[in-house]
Amino acid sequence: MAFDISLLQCCILVLACLLCAHSSQALEGNNRDNAWHIFDVESLLPSSVCSTPLEKSSNGLTITNRHGPCTPGPRNYKRIDAQILRQDQDRVDSMHQYVNSAKKATIGESLSVSLPAQYGISYGTGNYVVKIGMGTPRKDFSVVFDTGSDLSWIQCKPCNACYNQTDPLFDPTLSSTYSSISCTSTDCTLLDSSTCSSGQCQYEVRYGDNSQTDGVFARDTLTLPPTNTLSNFMFGCGTNNDGLFGETDGLIGLGRDRVSLISQASSKYGAMFSYCLPSSSSSTGYLSIGTNSVSGASFTSMVQKSDTPSFYYINLTALKVGGKLLNISPTVFSAGTVIDSGTVITRLPPTAYIKLRDTFRQYMKRYPKAPSLSILDTCYDFSKYQTVKIPTISFVFSDGTTLNVDFTGLLYVSRVSQACLAFAGNSRDSSIGIIGNTQQKKVNVIYDIANQKIGFSSRGCN
């Protein structure tokens, strides 16, 4: 009898193992079908210490998040989510305002709003920081990099009004290669807005979040670590600066206009750059100027729009959730979609966003809801879970190229008890969509400007 009971127990144990294996295979099968991400809840939160980069190209600058411990210098690591999201909305509003006004100007209508373009195409500052060198001898500075801005600038002595930064101010009198640009130089006309003072060309930039920088338009030697140099680089030597720049020393503009870093560096390094944004504020990514050697990238066409030539447009036509196409007409995206390093949260036409949000909610029924966070209206409480299962989300472009969002780019996590879908809807379908930096995490994004295409490779960073 004892033998029979032991045999029965063994049979039950074997059956249980088979069921467990079947369940595990089912989950793995879903993953192979790009339907689910399954991960530990602890992985949603950044560490208090900086992890080292796993990969960086030979011409690469290390990217850090200015709200995290990897940013050089003694920083305030505290992230205020409501403030970040409010500033993000200011940036998006300013971009929409500029696009709408540019369209009116193109068709001859009078402008009814104050254009950010009159002070340069600038819409608020981003979250990601790189270190560059300026001058001879070289001095290093930590600057925000932004694909939505063109003019690069750093704070300079003598400063009439400067915000606090960790590094010493740049002193142009100590650089043997520094020279100001005269008011009569054709280079001064490259600026969207300029004035003249003591024979020197003066620049001025106002951002969508009410930050501003004014100063001397100048040239000097720019160093892209470790040792790549660009002589006679045109930049703003800021002597009146104020706003929400944190403790960074300035900004590097990666837009498409003539004064951007990419335009100035194209003759030496080629009209191409790429970056990989880190998975969290406690890890690092990289920015590479010039030819990219990453293999396995899928490319989609870059769309040129004459009324907003500095933006990087791509032709988004569809979305997937859980590996399945959503029932959204491609015409919903006809206003255009910009990929942007400075916008945090992806913005979609409201028709598309509502469909994505409602489908995502259906997949997430098992989890308790949490309060909304600013512009984010779909949030969950994972505090009682060790692992979480969420559906995949993908962007599909007109030529069939697909960008699969990494699981670190699906949620904006204020805390484990408030993890929110990191997408938001515009107020109308006629406003441009924006693929924000959260959805670009861990993806190598390649801007091949010479061949008018943008590539994505999952072989990115950390």
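Any Cβ shown, glycine's included, is placed from N, Cα and C.
Copied over from TrEMBL:
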SIGNAL    1-26  signal peptide
DOMAIN    128-457  domain 'Peptidase A1'
ACT_SITE  ASP146  active site
ACT_SITE  ASP340  active site
Near the Cβ of ASP146 (active site), how many other Cβ atoms are there if near means within 10 Å? 28
Cα-Cα, ASP340 (active site) versus ASP146 (active site), nearest Å, comes out at 8
What count of other C-beta atoms do you get within 10 angstroms of the C-beta of ASP340 (active site), across all chains shown? 26
Across the domain 'Peptidase A1' (128-457), the model's average pLDDT, rounded to a whole number, is 94
